[in-house]
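Positions annotated as oxalate binding site by TrEMBL: ASN113, HIS118, GLU123. Annotation comment: TrEMBL describes HIS116, HIS118, GLU123, HIS162 as Mn(2+) binding site. Per TrEMBL, the feature disulfide bond maps to CYS40-CYS55. As annotated by TrEMBL, domain 'Cupin type-1' applies to 66-216.
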Amino acid sequence: MAGAAGSSWSSLLLAAVAVALAVATAPSLAGDPDYLQDICVADLNSEVKVNGFPCKANATADDFFSGVLASPGAAANTTTGAVVTGANVEKVPGLNTLGVSLARIDYAPGGLNPPHTHPRATEVVFVLYGELDVGFVTTANKLLSRTISQGDVFVFPRGLVHFQRNTGDKPAAVVSAFNSQLPGTQSIAATLFAASPAVPDAVLAKAFQIDDEEVDKIKAKFAPKKT
């Protein structure tokens with residue numbers, strides 16, 4: 001009986017370890033790496049390259065503060081009518097290793113935050129004011145979308161293509177929260193048509209079922225403006 005009990009206990013222990021390892025390594029649960037100290041204020045000027053930023057020697061309260069989200073961005077001055085103001089580790093060094101960040105997005109009437117992805121984070125938006133059409137596309141090419149307004153919350157899962165568009169005739173704004181200190185952004189159109197070096201015309205023409213002339217026209221729209 002003792003041998004059977006010991007065998008049963010060993011099996012339970014192995015099962016528990018297997019479950020713990022599965023949860024710890026599950027990609028859907030993964031975010032930024034866990035930190036190993038109270039704080040690690042980013043040394044943004046260091047030449048040392050690590051996954052994140054090295055810690056600077058002396059931290060101050062200012063490393064954990066920013067007023068960057070206090071004022072609306074000049075959305076009307078942009079091509080798409082929307083502007084994103086980030087409060088990530090590059091703006092708030094104290095966020096280094098903490099695995100969170102914020103952003104403010106302002107939209108002119110009719111403004112669009114074009115289809116894009118965040119490769120390192122899920123995004124949650126909270127509407128400050130205005131009304132927006134929002135949505136994301138799953139890997140099965142299913143669009144999940146709805147209209148949100150002041151006080152509403154909407155979630156964009158990590159890595160999925162998503163967008164927001166101001167449907168009203170007044171400005172709109174949201175605050176976005178991310179489970180990464182630096183979520184990264186890839187705007188679909190700009191990524192494909194404004195890459196450097198350029199994505200070959202033949203690739204884009206075949207992918208979008210258009211000719212090379214149309215590819216060049218689109219690339220011209222994303223070319224840096226001459227000053």
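Cβ atoms are placed via backbone N, Cα and C, with glycine included.
TrEMBL annotations: computationally assigned, not manually curated.
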Next on the checklist: Return only the integer: C-alpha distance in Å from ASN113 (oxalate binding site) to HIS162 (Mn(2+) binding site).
Outcome noted: 9
Checklist entry - Quick one: which residues besides ASN113, HIS118, GLU123 have a Cβ within 8 Å of the oxalate site's Cβ centroid, in sequence order? => result ALA103, HIS116, THR117, VAL125, PHE156, HIS162, SER176, PHE178, PRO183, THR185
Checklist entry - Relative to the Cβ of HIS162 (Mn(2+) binding site), which residues of the same chain, six or more apart in sequence, are found under 8 Å away? => result PRO115, HIS116, THR117, GLU123, VAL134, GLY135, PHE136, VAL137, PHE156
Checklist entry - From the Cα of HIS118 (oxalate binding site) across to the Cα of CYS40 (disulfide bond), what is the distance in angstrom? => result 24
Checklist outcome for this item: Not counting HIS116, HIS118, GLU123, HIS162, residues with a CB within 8 A of the CB centroid of the Mn(2+) site are THR117, PHE136, PHE156, LEU160, VAL161, PRO183, THR185
Item to check | Local Cβ density at HIS118 (oxalate binding site) - other Cβ atoms counted within 10 Å | outcome: 23
Checklist entry - When the pLDDT values for the domain 'Cupin type-1' (66-216) are averaged, what is the result? => result 96
Next on the checklist: If I restrict to non-local contacts, at least six residues apart, and a C-beta distance under 8 angstroms, what lies near CYS55 (disulfide bond) in its own chain?
Outcome noted: GLN37, ILE39, CYS40, VAL41, ALA42, ASP43, ASN96
